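*Asks:* Features from Swiss-Prot:
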BINDING   Cys187, Cys189, Cys192, Cys197, Cys198  Zn(2+) 1 binding site
BINDING   Cys187, Cys198, Cys225, Cys229  Zn(2+) 2 binding site
BINDING   Cys192, Cys225, Cys231, Cys235  Zn(2+) 3 binding site
BINDING   Arg257, Gly258, Trp259, Tyr300, Asn326, His327  S-adenosyl-L-methionine binding site
BINDING   Cys329, Cys394, Cys396, Cys401  Zn(2+) 4 binding site
DOMAIN    185-243  domain 'Pre-SET'
DOMAIN    246-369  domain 'SET'
DOMAIN    390-406  domain 'Post-SET'
Amino acid sequence: MAAARGAWCVPCLASIETLQELCRKEMLICTNIGITRKNLNNYEVEYLCDYRIEKGVEKFFVKWKGWPESCNTWEPTRNLKCPTLLKQFYSDLYNYFCALKPNKKGFLKNSIKSLDPSLSDYIVKKAKQRIALRRWEEELNRKKTHSGTLFVENTVDLEGPPMDFYYINDYKASPGVNTLGEAIVGCDCSDCFKGKCCPTEAGVLFAYNEHRQIKIPPGRPIYECNSRCKCGPDCPNRVVQKGPPYSLCIFRTDNGRGWGVKTLQKIKKNSFVMEYVGEVITSEEAERRGQQYDSRGITYLFDLDYEADEFTVDAARYGNVSHFVNHSCDPNLQVFNVFIDNLDVRLPRIALFSTRNIKAGEELTFDYQMKGSGDFSTDSIDMSPAKKRVRIACKCGAATCRGYLN
């Protein structure tokens, strides 16, 4: 459906920015969305494409927001009111020259009269990449349900958002798999920390201390209070279910490991950091997919083998921020099996807790060969029998590196 003005149509569901651009194109004043007679003819720079000095005057080739590239124009610096974009343009030039000549300090701005076509092409690609990554970042934050903010950063290459990845917050069940088990009973404690309610009913230890940090050793399961419990959201036995509390950054690594994840906040030892989620598939389907992933050298299959080995989590296409966490032979995250509403021992949730204090800006990693039991195994991530035929080199750089991911 659309509201029509002659032959001009406006989608009913459109962002304010889109409507503003349409109004400017059609020369329509609409004060409700901030388009007035004074600013109707204002143009916004989307990015800078090229540079030259013409008769002693610096000029930039400008891509205008909301207008096709055929409408790009050369503008003198005095016409541009975009100091951030100008700074970014020069930063991209500097990085480009530093990459070409690592031993040089970069370039002198005044020594450039015009840009080589290959350089201007790089500048445009970098600008488009930055826009694409910003939109992806916004999409991730719209979809995530936890309190921490997600950021995206690539200062290494021109790689953009993954083309075939869909952000989810919980397990996605494949046909024939039920991950939505409902708890039959819950506790009625007034103080779950003192009562040790749900873990005691399951015959296991209470997992957390008074600061909601893990206190049980790897290999012990976590039983949290569930939807049937009468305790509120501030219950000390509700940790994993509340989602990642930290702001994290998906960033491009500079040593050939693709994307990685770093924390933007300090994380104390034994704190919950994130869940490993994805599509839950049968072990038979994991065997088939494993052969496909094998040829591509990727590792996203995580066997749910707490007590049985019937299901696997595949985070290749569907997942959360954990999809981008890299392997390390000396990791700072540890895997734990968690049960909340679904008490089926074949379908534990996979939680990652910090093994030590982690500094802000530090990359987050876990050992792809580490089971929820804390033991090394060939039955954990990406290690179906099909995967054992090809060994994937490890690039973690740890002093204790084993040389291979599998």
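Along the chain as shown, residues are numbered 1 onward.
The backbone N, Cα and C atoms fix where each Cβ goes, glycine too.
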*Asks:* List the Cα distance (Å, whole number) between Gly258 (S-adenosyl-L-methionine binding site) and Cys198 (Zn(2+) 1 binding site).
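*Replies:* With distance taken Cα to Cα, Cys198 (Zn(2+) 1 binding site) is 41 Å from Gly258 (S-adenosyl-L-methionine binding site).
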*Asks:* For Zn(2+) 2, what surrounds Cys187, Cys198, Cys225, Cys229 with a Cβ no more than 8 Å from their Cβ centroid?
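*Replies:* Here the nearby residues are Gly186, Cys189, Cys192, Cys197, Glu224, Asn226, Arg228, Lys230, Cys231, Cys235, Asn237.
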*Asks:* If I take the alpha carbons of Cys329 (Zn(2+) 4 binding site) and Cys198 (Zn(2+) 1 binding site), what is the distance between them in whole Å?
*Replies:* 34
*Asks:* For the domain 'Post-SET' (390-406), could you work out the same-chain residues 6 or more beyond its ends whose Cβ comes under 8 Å from its Cβ atoms?
*Replies:* 255-257, 294, 297, 299, 326-330, 365, 368-369, 378, 382-383
*Asks:* For the recorded Zn(2+) 3 site formed by Cys192, Cys225, Cys231, Cys235, which further same-chain residues have Cβ atoms within 8 Å of the site's Cβ center?
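*Replies:* Checked against the 8 Å cutoff, the neighbours are Cys187, Cys189, Cys197, Cys198, Cys229, Gly232, Pro236, Asn237, Arg238.
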*Asks:* Restricting the comparison to the binding-site residues Cys192, Cys197, Cys235, Cys396, which residue's C-alpha is spatially nearest the C-alpha of Trp259 (S-adenosyl-L-methionine binding site)?
*Replies:* Cys396
*Asks:* Can you give me the Cα-Cα distance between Cys197 (Zn(2+) 1 binding site) and Cys396 (Zn(2+) 4 binding site) in Å, rounded to a whole number?
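*Replies:* Roughly 41 Å, rounded to the nearest whole number.
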*Asks:* For the domain 'Pre-SET' (185-243), what is the mean per-residue pLDDT, to the nearest integer?
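*Replies:* When the pLDDT values over the domain 'Pre-SET' (185-243) are averaged, the result is 92.
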*Asks:* Between the Cα atoms of Cys189 (Zn(2+) 1 binding site) and Cys401 (Zn(2+) 4 binding site), what distance do you get, rounded to the nearest Å?
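*Replies:* Here the two Cα atoms are 46 Å apart.
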*Asks:* Inside 8 A of the center formed by the CB atoms of Cys329, Cys394, Cys396, Cys401, which other residues of the chain have their CB, for the recorded Zn(2+) 4 site?
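*Replies:* In sequence order, the nearby non-listed residues are His327, Ser328, Asp330, Lys395, Gly397, Ala398, Thr400, Arg402, Gly403, Leu405.
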*Asks:* Taking DSSP states H, G and I as helix and E and B as strand, how many residues of the domain 'Post-SET' (390-406) are helix, strand and coil?
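*Replies:* Within the domain 'Post-SET' (390-406) the tally stands at 0 helix, 2 strand, 15 coil.
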*Asks:* Restricting to the chain of Cys187 (Zn(2+) 1 binding site) and a gap of 6 or more, list residues whose Cβ falls under 8 Å of its Cβ, or answer none.
*Replies:* Gly195, Cys197, Cys198, Glu201, Cys225, Cys229, Lys230, Cys231
*Asks:* Would you kindly give the Cα-Cα distance separating Cys396 (Zn(2+) 4 binding site) and Tyr300 (S-adenosyl-L-methionine binding site), rounded to the nearest Å?
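*Replies:* That separation, Cα to Cα, works out to 17 Å.
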